[in-house]
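**Student:** Before anything else, here's the structure in question.
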Amino acid sequence: MRFDAFCDALTRVEALSADTDIVAAVADLFAAADADLPVVARFVQGRVFPAWDATTLDVGPRLCYAALARAAGPNVSGDDVERRVAETGDVGDVAAELDLGSQQGLGAFTDDAASALTVAVVDEELRALAGTAGGGSESRKEDRLFGLFNRCTPDEARYLARLVLGEMRVGVGAGSVRDATTDAFEVPPEAVEHALQVSNDYGLVARVARDEGETGLRGLSLEVGRPVQAMLAQAGTAEEALDAWETVAVETKFDGARIQLHYSGEETWVFSRNMADVTDALPEVGEFAERSLAEPAILDGEVVAVDDDGAPLPFQEVLRRFRRKHDVERAREEVSVAVRLFDCLHASGEDLLDVPFAERHARLEAVVDDAEDEGEGETVPELTLASDLETVETHEERALRTGHEGIMLKNPESTYTPGRRGKNWLKRKPDVETLDLVVTGAEWGEGRRASFLGTFEVSARVEGENEGFAPVGKVATGITDETLADLTERLEPLVESESGKAVDLRPDLVLEVGYEEIQTSQNYDSGAALRFPRLVAIREKPPEEADTLARIRELSRGE
Ligand code: AMP
């Protein structure tokens, strides 16, 4: 496919706003992409590499501006380009307005400067650019990029500049590509979803959908060495878990960094939560795999920093090891890490994503032979199956007593859903000190709750010069209808102004609010935001006795 044809399609897509129109336009583009379909499916999302591949182009704005300026001729400098991007806010517009081309010199395609670019050539050049490393790599990258820009039409320059800077922004996200694949090649959405989950490669999935149809998509499976997205957890309580499932699988929650361990029987790969390859930074994990894994497998777990007795150390310690590229051996002497594993996605060639968690856990225990690791603590945490609160609480107490962060509550029947933050994994951390905060705003609910105020803005008291109340979070979930009615009755007389569904309230009512942690926030003037704030109780105390912003700042510093 010619690159100008691809860019024409992007121009058309960019002008659309309805999702269905975008999907239809992308489906047309896919149908016309021929051999370039995998690349087109990535480029359209602003990707050069598949999602599982952590390779980056490593082209910063300055390098891109310098290459553009060179292709624009001697009257334009990198600084000029930078200034114009700052003015317009879009490198694509600036690139399209420059008079590119016909420049000679190193990297220019002097043999055939007028020849049309193709999608395949752009892909090849960008991959070569990503592979440029070592001394002088910056200038060789610039040469390559200059060579490409020098052959570009204005529209091609627009999209190439956006692509290399990772700012494609034509309104095509992962969802549109998934739906376009389904529509263009008339395959069931579930088959596409399955294929994406196991491969993390939109290009591959589009090609298989076109060439091999549903059977091909269903035949795609996990591959040792190719990471998948990690399943995520929501905050939750033991009561919620026991309500939702007959039995609850309870595990220790480790305070470390997520890893996905791939072992082929000979080789080991370790991937981070973002699917970056961190194998070299964590040699212990490879050694562990060779020593203790009985069969090829893909396992999900955590690396934790431990002291000499195997007791857990704070999370920060593990970070010192995680992304280390140099002096790994020295770092290893300073901080030891241990492997904790809690799931098995694949073993001896068999995908287990659709197998219930309890069975996957049994499979995990069969794969890991940690007899030799005694003294380091248990590699595979014991799974307690609980059907009453007491059992959960006993496990929680033990986890906290031995220095862990909390517990995980999992549905024993649930499948493994990569990349999803579903309700089948709940994380429960111990309650931190609650705060007494003043309600300063709220929103009228919707549907059944239209006559109730909800989504309560809670504020801390500010003392001194700026005396008043500063919002630190919104309490929205987990409130019963009865409490909502009570709160509405108390708050309605305090309404000072309304705009749409939102109301401003005179600061009067104090709520006791629980939360998971205090984060720094740009959204709030207070600079602090509560993570997962929830209502504990209504306090019968005046706003002058509410907790202060100064107290919140102390708490966030761990004081
Ligand atoms: P959080 O980082 O607070 O969102 O908690 C979820 C994270 O806890 C997961 O992404 C894992 O990295 C980590 N984790 C620790 N222990 C476990 C466990 N037993 N099962 C699942 N996730 C765990």
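FYI, residue positions are counted from 1 along the chain as it appears here.
Cβ atoms here come from the backbone N, Cα and C positions, even for glycine.
Pasting the relevant annotations from TrEMBL:
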type: ACT_SITE; residues: Lys253; note: active site, N6-AMP-lysine intermediate
type: BINDING; residues: Glu251, Arg258, Arg273, Glu302, Phe342, Arg421, Lys427; note: ATP binding site
type: DOMAIN; residues: 330-462; note: domain 'ATP-dependent DNA ligase family profile'
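Describe each of these features in terms of where it is and what it packs against.
**Tutor:** For the recorded site, Lys253 (active site, N6-AMP-lysine intermediate), the DSSP three-state label reads strand. Around Lys253 (active site, N6-AMP-lysine intermediate), a 10 Å sphere centred on its CB holds 23 further CB atoms from the protein chains shown.
Counted with DSSP, the domain 'ATP-dependent DNA ligase family profile' (330-462) comes out as 35 helix, 51 strand, 47 coil.
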**Student:** Lys427 (ATP binding site) to Lys253 (active site, N6-AMP-lysine intermediate): how many Å between their Cα atoms?
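**Tutor:** Just about 8 Å between their Cα atoms.
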**Student:** What is the average pLDDT across the domain 'ATP-dependent DNA ligase family profile' (330-462)?
**Tutor:** 89
**Student:** Round to a whole number and give the Cα-to-Cα distance in Å for the pair Phe342 (ATP binding site) and Lys253 (active site, N6-AMP-lysine intermediate).
**Tutor:** 10
**Student:** Fill in the CA-CA distance, Arg273 (ATP binding site) to Lys253 (active site, N6-AMP-lysine intermediate), as an integer in Å.
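**Tutor:** Cα of Arg273 (ATP binding site) to Cα of Lys253 (active site, N6-AMP-lysine intermediate) measures 16 Å after rounding.
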**Student:** Under 6 Å from ligand 1 by C-beta, which of these binding-site residues make it: Glu251, Arg258, Glu302, Phe342, Arg421, Lys427? Sequence order, please.
**Tutor:** Glu251, Arg258, Glu302, Phe342, Lys427
